[in-house]
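A.B. asks: This is the structure, below, for whatever I ask next.
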Amino acid sequence: QRRVYRTTTHVPQELGQIMDSETFEKSRLYQLDKSTFSFWSGLYSEIEGTMILLCGGIPFLWNLSGQISGRAGFGPEYEIVQSLVFLLLATLFSAVTGLPWSLYNTFVIEEKHGFNQQTLGFFFKDAIKKFVVTQCILLPVTSLLLYIIKIGGDYFFIYAWLFTLVVSLVLVTIYADYIAPLFDKFIPLPEGELKQQIEIMAKSIDFPLTKVYVVEGSKRSSHSNAYFYGFFKNKRIVLFDTLLEDYSALNKEPAEGEDSENEETKSKTKNKKQGCKNEEVLAVLGHELGHWKLGHTVKNIIISQMNSFLCFFLFAVLIGRRELFAAFGFYDTQPTLIGLMIIFQFIFSPYNEVLSFCLTVLSRQFEFQADAFAKELGKAKDLYSALIKLNKDNLGFPVSDWIFSMWHYSHPPLLERLQALKDKKQQ
């Protein structure tokens with residue numbers, strides 16, 4: 001794929017109608033920079049993980065956690081407390097070692113190509129907030145999971161799976177209402193033509209829409225997105241302001257004397273993003289609602305939970321194997337949290353790669369089907385132009401190596417989607 005980025009310096013003939021040479025070159029250089037960054041950060045991650053294993057980093061951190069919890073009055077019999085200290089230290093270590101890479105990605109690569117909208121102060125405040133919120137969720141959930149495994153008896157894997165199912169459903173339900181607003185500003189989409197058309201389209205396919213929000217994503221990045229969430233009769237749609245031509249702060253000059261909270265967000269009007277017109281936004285939403293109407297969301301949840309149950313079952317089979325713990329430096333103890341980490345992170349690694357590939361293939365099928373659904377709604381022309389605009393705004397490179405595309409792309413390449421929208425007969 002890197003060879004494709006390096007050597008494809010001119011717009012291919014089949015792309016001449018949809019992409020100008022300047023945008024093509026910008027996207028090529030952006031993706032080449034991202035590819036270089038991905039290689040070096042991935043290499044560092046592999047070296048770091050290998051050194052941790054070879055140098056006994058996991059048992060060292062476990063023993064350190066025991067010393068810290070012991071000083072607080074919790075002896076070895078309080079395994080769950082020690083596990084929580086271990087988890088806190090491990091996530092802190094991960095956050096610190098990943099910080100330079102995150103800084104470089106945000107303030108060098110994304111900045112260079114006109115996507116970053118954050119200041120350094122906003123970035124660090126955001127990172128600290130994200131770490132604290134993650135710990136507030138992760139530590140209580142982990143402690144309850146470990147407790148269930150401890151008291152669950154021979155069928156603990158069933159109770160553990162049911163617990164994680166409930167937690168995931170709760171998090172999906174509350175995320176956009178209570179967690180996401182901690183990081184971004186959500187406002188109801190103002191009354192007007194766009195909102196009215198969204199409500200009409202939702203009603204036409206029996207989508208139980210209750211609210212439509214606009215999220216101020218332009219404070220963080222100029223990339224665009226849209227999604228829906230909620231269960232049963234309580235569905236909400238969220239549109240990033242960068243998706244909307246009429247609402248994006250990136251398309252507006254700051255008012256004279258404007259200050260307030262936008263002081264933390266750098267105005268980059270020279271890098272304006274085009275966004276989509278109302279008809280194109282409706283086409284994008286038609287695609288997203290197609291995922292709901294065709295049952296893709298439910299199918300993904302079912303697949304995820306079947307996989308989760310299988311993993312917990314295999315965990316129950318393997319957790320008693322002393323040689324697994326000994327291989328990672330735990331000769332005298334078999335902590336449950338360490339068992340979870342060894343089995344889920346390392347033992348299941350090859351299986352997870354195969355599963356990920358299968359889900360990627362399935363995801364591409366779902367995307368074609370959702371495009372076809374939007375086409376049936378009469379949105380083919382608008383979705384066609386929206387896909388071109390979004391590709392341009394996000395500097396997506398439309399040429400890809402077929403093996404790289406097959407393994408990595410959860411969405412079909414742009415040309416394939418456009419061709420399917422133009423075809424009279426859609427498979």
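Backbone N, Cα and C atoms are what each Cβ position is placed from, and that goes for glycine too.
Any TrEMBL annotation is an automated prediction that lacks curation.
Take a look at what TrEMBL says about it:
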type	residues	note
ACT_SITE	Glu288	active site
ACT_SITE	Asp371	active site, proton donor
DOMAIN	1-185	domain 'CAAX prenyl protease 1 N-terminal'
DOMAIN	188-423	domain 'Peptidase M48'
REGION	254-273	region 'Disordered'
TRANSMEM	80-104	transmembrane segment
TRANSMEM	131-149	transmembrane segment
TRANSMEM	155-176	transmembrane segment
TRANSMEM	309-331	transmembrane segment
TRANSMEM	337-362	transmembrane segment
A.B. asks: Including all protein chains displayed, how many Cβ atoms other than that of Glu288 (active site) lie within 10 Å of its Cβ?
C.D. replies: 18
A.B. asks: What whole-number Å value do you get for the CA-CA distance of Glu288 (active site) and Asp371 (active site, proton donor)?
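C.D. replies: Glu288 (active site) and Asp371 (active site, proton donor) have their Cα atoms 9 Å apart.
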A.B. asks: Just to be sure I understand the packing, how many Cβ atoms besides its own are within 10 Å of the Cβ of Asp371 (active site, proton donor)?
C.D. replies: 27
A.B. asks: Given a Cβ distance threshold of under 8 angstroms, which distant residues of the chain, six or more beyond its ends, lie next to the transmembrane segment (337-362)?
C.D. replies: 58, 62, 83, 86-87, 142, 146, 303, 307, 311, 314-315, 318-319, 324-325, 328, 330, 406-410
